[in-house]
């Protein structure tokens, strides 16, 4: 095939949503010449659904992206209207930060970053085809018949792939927020031999702020204590003048309106055929599935400081517009609310993720990567996490460097990608803390400790950032050593002070670290006995120290499990293995192995339907093959 390339790039990224911007920024910062192509520049890093970043598990992903050298955390720290730490009354493993975003400002701020990034070209164009030669991605062709060469292509098209919006009996071709759908590229991905699925998501109506009666709703303010997503943000820049959200509920009348109109609901008439998200169902789905519930929470979330639009969180729907209006007016506080936008469902094509490697490169086509909702996930944060990994690995591949694979013990990003490529997904995938078996070591407070060194090694963490990280790490290490070296003895004077503070007296000598391990004792209590650290420690380091010490036993057990799994991950499976050549493994295991083609024993062990006996047989088979190869090599010598 002869192509007429008018421009040449190292990497072309298709789609400028949250996955696309992270992929393109990472690759360009690693020295690659990158083209970021988008159908509509005005929608760069746009939030077509909820105007927020973070939340349970998701907030930790944002910090992981930041630790690796990504941009989402920095951008939301510049553009939030409210910041809140969730689950503060629970254990450290499930705490996470959530921000209400000024969605227009967020998009503009990210666009400014992209436009000012060296090596990165932003262009509004529609990509119709990925050009492939000898099993390798070599470029793209646009709708205007321009051909651009590339050594790698990353598809981050979100819900635009053959997107269709559904409102009642109305169904039309569209991407998110009534943008153009990408039809030809969807066809092209099928023609390239990729297996394609069909998913669905939705969004609620938006109402006018000045038409809401806030007096009958419950105010939900942000936090006064400074918190940030990015480890580079400063407490003195924390926004105190925050915009509150408001809580209201559906009621019996709301439910009756929905029940009376189920015959007009696309979810139940067969119009919607795509699989929807389990953890973010439409309101009509909730009313049917949870018929015993008298009410459902709804959060009224402002979409920015300079807009009247308010997002009705929890009211996602594709009901006809007239039904949506009646439904909105049945809700306390929204009796006279003006609906500014109608809720809708959107169906879209996605690439079944079992076809991907852990680098997010497709197994079928070398140099073709996919990330974000294209891979079947939901959420801006999940998209950003995949985007930065795809961008990093595309850059490493064309630079001839070792790939970056995040393990399940490295971060929630690693958990997500492993789930996708090992188990696949039959519905839009959402990250949850319950998906992570090592969640006590994958906390919001230690993402930088886990991943900054990786970001530095690949070139995404600059000298200034690295110097700040080293200072923090040294302060943490030094204080942990100090606490372990100082002894508190059960002498009269010490115990008098211990009892005065309301604690049980000491019966044996203990280190300051052991004393801090007591649930009721805080770091400041310990300092009252041993004095402050040589260098003043900020609250974030103190939080990290307390968590590491108080949960040391559990963390140690988790690390033992990590070491065991690491040994299994180090046992590679040859890419050309003949699964039919292995005797005695169960039929289901053989079928799953053929479908997923696991790269390591560890990955093989996590495939659903594969039992320990199958893994044992596989390991015996591989050991036999290795012995056979060794004997052959010895004979040839």
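Just so you know, glycine gets a Cβ as well, placed from its N, Cα and C.
Annotated FAD binding site per Swiss-Prot: 15, 16, 17, 18, 19, 20, 127, 182, 373, in sequence order. Sequence annotations record features per position, and here Swiss-Prot assigns NAD(+) binding site to 276-290.
Structure coloured by features recorded in Swiss-Prot.
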{"residue": "15", "record": "FAD binding site", "Cβ neighbours (10 Å)": "33"}
{"residue": "17", "record": "FAD binding site", "Cβ neighbours (10 Å)": "28"}
{"residue": "19", "record": "FAD binding site", "Cβ neighbours (10 Å)": "35"}
{"residue": "127", "record": "FAD binding site", "Cβ neighbours (10 Å)": "26"}
{"residue": "278", "record": "NAD(+) binding site", "Cβ neighbours (10 Å)": "13"}
{"residue": "280", "record": "NAD(+) binding site", "Cβ neighbours (10 Å)": "19"}
{"residue": "282", "record": "NAD(+) binding site", "Cβ neighbours (10 Å)": "27"}
{"residue": "284", "record": "NAD(+) binding site", "Cβ neighbours (10 Å)": "25"}
{"residue": "286", "record": "NAD(+) binding site", "Cβ neighbours (10 Å)": "19"}
{"residue": "288", "record": "NAD(+) binding site", "Cβ neighbours (10 Å)": "17"}
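Secondary structure at residue 127 (FAD binding site), as computed by DSSP, is strand. In this structure, the CA atom of residue 290 (NAD(+) binding site) is 43 Å away from the CA atom of residue 127 (FAD binding site). Each residue contributes its Cα atom, and for residue 373 (FAD binding site) and residue 276 (NAD(+) binding site) these two points are 13 Å apart.
For the pair formed by residue 288 (NAD(+) binding site) and residue 15 (FAD binding site), distance between Cα atoms is given as 36 Å, rounded to the nearest Å. For residue 282 (NAD(+) binding site), none of the binding-site residues have C-alpha atoms inside a 10 Å radius of its own C-alpha, out of 15, 17, 19, 127.
Taking the Cα atom of each, residue 17 (FAD binding site) and residue 278 (NAD(+) binding site) are about 23 angstrom apart. In sequence order, 199, 200, 201, 202, 267, 282, 285, 345, 427, 428 make up the list of same-chain residues 6 or more apart from residue 276 (NAD(+) binding site) whose Cβ falls under 8 Å from its Cβ.
The candidate set comprises the binding-site residues 290, 373. Of these, 373 has the most other Cβ atoms within 10 Å. The two recorded residues, residue 284 (NAD(+) binding site) and residue 19 (FAD binding site), show a Cα separation of 30 Å.
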